[in-house]
Amino acid sequence: MFEHSIKVPRQYKIAANIYKKVSTEGGSVKTLLYDNKLRHFRTNVLYALITETIKHAVDIEKIFDSTGILKSEPRLDPWIAKVLTTELLFGKKYLPGKSKPEQTILLYKEKFEKFTAQHQGIFNEEVVRRPRYVRINTNLLTTSDAIRAFQDEGYKFIRCTSGSYNDYLNQIRNLDQYDFTQDYHVKYVFVFAPGTKLHEHELYLENKIILQDKATALAVHLLAPPQGSVVLDMCAAPGMKTTQLAAFMRNDGKIYAIERNENRYKTLCDFIERTGTKCVNAIHRDTLEIKKGEYDDVEYILLDPSCSGSGMELCVHNYIDDTRLTKLTSLQEKFLKHAMNSFPNAKRIVYSTCSLFSEENERVVTNAVKTSRSKWRVQHVNELLKEEWNNFGSSMYGSIGARCLYARPNADLTTGFFLAVLDRDVKDMEKQIKNGGKANDDEKHEKQNLKSCDITEVCDNNMFKKTKKKKRKENENNELVEAVFDDCSDVHNSITITNTEDYKQDELFNKKKKKKNKKHDTDKDSELISDINAFMAEKVIPANTNDYKEVTAVKKKNKKRKHIESCEVDDENVMNKTRPKNENIFHNINTESEAVIDKSYEEEGESFKSGKHKKKSKLTKSKEP
């Protein structure tokens, strides 16, 4: 941006900001103009400037590419440059200010004019001028009075052709500056020549006429709710279609107009008051939060959700971010499914968008119809319009897509628009009516069932509690039995062991002694064996052969003693009891007389074989302190 003492006029800045938001984020120009900050501006002037910039966006891109203005002037804001170029070439043909951006655009004026002169044919082909559509607010003014009022001002009324729809399109293409006629389909919509300015007209300021495009008016025309019916407008703000519904029903019936956004809700309420609408109940709420049973009296539903706005202005939204498009389509599908499933008495739904992308239109409708719990049928719009329409949905989505309607700007001379009319299946409707007649009985039965279920649940709970108590008692008894058994086993063990408590103490004492005695015995045996080895090494035969026999007997007795000790270890592992060992086996050995040792070993071996050693051990234990 240029930093200069002279600022860019504010209307150009505002127009550039709105044009940037519409181009990058999507949405409607009119919606952005509802901002409270712009209430002191002439919105009609801003709207005309922004729409002209959008119409010639492709031309301005070509001009900038050919002249290279954005490359040579990097500090120039491209959005302000586009708005100023539109004003210079396609608007007032001059720039009133003296700011730096305006002076820069004026420096390139000759290059811009040369390029437009060389490519005049292309510009003429791409620019399409649409007629001015005006809806008569029949709540405040009749169509005949409106015709007379315009005739009094010098306008010439031309009767609508009785021929085909194509004849009508040719008729409105050839309207002169002060000619006007009625629309071919919607008779309370008048058609004026392109460029007719009515923003300052007295009827417009009094809200007796509303500047509304013919394509958007088709939604209410195809919904066609009769007088006295109940209608739901799920996304009502700013209130164009809501007030059209009230006028169509002649203020006889009930309309629930729901809007989530607070600022748009205020705009809706204000517009309802100004247009003399009396049968509308404006509700500040999210439509998706409405639950089944809150508005069961709804018979007709109008759904015009948020969309990309690709059809609002000519060729402005040929590009859109994929992530934003997927978010929009998922939201639109939620809205439509909610409308199909949450209102049991609904007969007809009209789904409309100001988008030309099939992802937001045919795909949403086909997915909703196929996955809906209720049975809905997409009506052929061409039959509803008496086969007087040219553009329909894509056959890529089967018969459902071909039954939908498209309004194409170049072909139908309207804004880009999509419409689908869904009627509930007759059999499904009969079921809903029958179920509605038996609603009270069903509620009673449900209450009784709930009561019975509660009783059974209480009984089951009581039985469950009883069984729990029984189990607890059984567990307690089992625990008591186990505890008693444990106690008895302790008593039993104490009974069996009391007689042997002294024995156990003796046994521990004997084990300690045994270790000491083993060391003592092994030392003595090793001394005997060493003496024998030394004797054999000297190869001296003892004079007394009895000594030799005694030495060999000692070796045999050592083997027997080792075998007996291994048997005692096995008995300990198997029987978990230790046999009492003869503590005096090696205690009374007389080292001086080896014959006595031999006799004691022989007696010990015979006692282990016969089992008499147990009695001897008991006697020895009883004598020990």
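Every residue, even glycine, has its Cβ placed from backbone N, Cα and C.
According to TrEMBL, the features are:
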type     : residues               : note
ACT_SITE : CYS354                 : active site, nucleophile
BINDING  : GLU259, ASP286, ASP304 : S-adenosyl-L-methionine binding site
DOMAIN   : 122-425                : domain 'SAM-dependent MTase RsmB/NOP-type'
REGION   : 601-625                : region 'Disordered'
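Known features from TrEMBL, placed on the structure.
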{"residue": "GLU259", "record": "S-adenosyl-L-methionine binding site", "Cβ within 10 Å": "26"}
{"residue": "ASP286", "record": "S-adenosyl-L-methionine binding site", "Cβ within 10 Å": "11"}
{"residue": "ASP304", "record": "S-adenosyl-L-methionine binding site", "Cβ within 10 Å": "21"}
{"residue": "CYS354", "record": "active site, nucleophile", "Cβ within 10 Å": "25"}
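On a Cα basis, CYS354 (active site, nucleophile) lies 21 Å away from ASP286 (S-adenosyl-L-methionine binding site).
For the pair GLU259 (S-adenosyl-L-methionine binding site) and the residue listed as 'active site, nucleophile', the Cα-Cα distance reads 18 Å. Note: the S-adenosyl-L-methionine site is recorded as GLU259, ASP286, ASP304; in the same chain, ASP233, MET234, CYS235, ALA236, ALA237, ILE258, ARG260, ASN261, THR287, PRO305 also have Cβ atoms within 8 Å of that site's Cβ centroid. Looking at ASP304 (S-adenosyl-L-methionine binding site) and the residue listed as 'active site, nucleophile', their Cα atoms lie 8 Å from each other.
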